[in-house]
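The domain 'ABC transmembrane type-2' annotation in TrEMBL covers A:23-260. As annotated by TrEMBL, transmembrane segment applies to A:25-43, A:63-82, A:103-128, A:140-165, A:172-192, A:238-257.
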Amino acid sequence: MNATPLGLRRGWTEQLNLWSDRKELLNALIGTVGTYVVLVLFIGGNNVPGTSVSMAAFMTPGFLAFAVFSTGLTVLPTLIAADREEGTLMRARTLPRGIRVYLTGRAVTTLLTIALNAALVLLVAVPLAGVAAPATPARWFTLVWVLVLGALAVVPIGAMIGSLVSGPKTAAAMLALPAMLLMLISGVMFPLESLPGVVRGIAQVFPLYWQGLGLRAVFLPDSVLAAELGHSRPLGRAAAVLGAWAVGGMVLAPWLLRRVRGR
Amino acid sequence: MHDVVIRVRGLRMAYGPIQVLNGVDLDLRRGEVFTLLGPNGAGKTTLVEILEGFRTGWSGEAEVLGENPARAGDAWRARLGVVMQSWRDHPRWRVRDLLAHVAAHYEKPRDVDELLATLGLTEAAHNRAGVLSGGQRRRLDVALGIVGRPEVLFLDEPTTGFDPEARREFHLLIERLAGEEGLTVLLTTHDLAEAERLSERIAVLAAGRVVTCGSPAELARAVQVPSLVRWEDGELETADPSGVAWDLHQRYGGPVPGLELRRPTLEESYLDLIEEARGTRETATVGGTR
């Protein structure tokens, strides 16, 4: 079988194996979705000061971005580090096209986890927290491509991090701080306008900023465009940056993983 | 040269200042079961991993199926089967799912259910790999190694944790694969009986070098070591144990207190060879002094 369909099937089996473990499933969901539900139900009803936008609407794109970001850059590396420790990655190296199949599989599990997170956030947001669903088909389309491209942009980076750290515990410990920092500077928690220019520049190199921007374009009205850098949301540029990360990562990650020793 | 499947010349490898392989030469012919025997730390696993294509940074020549393992691609890899030491990968996967998944990487894999039956795993087919017993897990590893119908099979200490019956079954399987299908097997073990049982040729690897290579009988001859004579006041290694015993009788003028006479087993001969290679062999202590 070709590497891609085999990898897709591998990812599906892997995900079923994971979901059949209830503890793992809860772990995967409680962090992001749980925090979102608590915040949205307690403070979601208030408006963001000086605007007509509810806190819930403001938090929704932020949490979606965070779900993608944390799944790709902390959950995935931890899984890969565990696979390395257990020898699953080494097994892949003993098989023809094994690394490609393995990475495709991990990409599938990550995308499925992100999809589940996003679906749950939306299921809470729209009926319970009163967040307006994307108003037009074009916005739905934007939602989908931003989530997918955003995920594809972080999956290879996550895979590379996972292949470099020494073990699953190290991965979790090492990634928490940089992930939090990037969250803070990427404008998904509060507007970038308030940060110094250098920090804004750094933020715009990383995919998280562009993903947040794309998601705000889906959920926030143009009336709060003033809070964006340059008072606009350039979706074309967002697609280009996310795409560049995705393609660059997909070239680099298999190359790197083939070279990493680990049993 | 088409029937030489693995060819190694002057292979060297160092980890930092430690020289692990010190100029290894080997030839494996198609369809033979070849055993690499040696103590822990002799470089067996390193040598095997170089041949499997998982290590770089070595020097010398190494060819597996006509290609340099460090640079060969997926088509080459599809012709190899690898059973490494102590796998515990894919713990959440069910046995049959994992075997079928691995089989799908190959063009003409073996029948998964038949293979499970052959290795006595049919009853465990729906168990998760992580809950198998040591012997079952090892048999799964072997199944994963041969499901793709490899031409060369690397077995790194395959029967660790097998009970005698499982070991016997495994030996029969390897003999069958090598005999009927022309599979070439490179086996590493420190079990001498296993080496003797399975392989046409054995190479003893010690201190990064092949110290002897040949059939089990040749090996036994090559490693003849002296017998040990021990009595209450001393001990002596000698090629002529009964002569020494006679001399002692004369000296004591009767029965020798605590006389013990031991001829070396194949295992001891082998250990002696290993020690010699390490250069740590102590000279025989001469008896009579305290």
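Just so you know, glycine gets a Cβ as well, placed from its N, Cα and C.
The transmembrane segment (A:172-192) is in contact with the transmembrane segment (A:63-82), judged by 3+ CB-CB distances under 8 Å for residue pairs 6 or more apart in sequence. Residues of the same chain lying 6 or more positions beyond the ends of the transmembrane segment (A:140-165) and with a Cβ under 8 Å from any Cβ of it are 64-65, 68-69, 71-81, 83-84, 89, 103, 106-107, 110-111, 114-115, 118, 134, 171, 174-175, 207, 210-211, 214-215, 217-218, 235, 238-239, 242-243, 245-246, 248-250, 252-253, 256-257, 260, 262.
Outside the transmembrane segment (A:63-82) by six or more residues, the chain places 28, 31-33, 35-36, 89, 106, 109-110, 113-114, 117-118, 121, 147, 150-151, 153-155, 157-159, 161-163, 165-168, 170-172, 175-176, 179, 182-183, 186, 188, 208, 211-212, 215 with a CB less than 8 A from a CB of the stretch.
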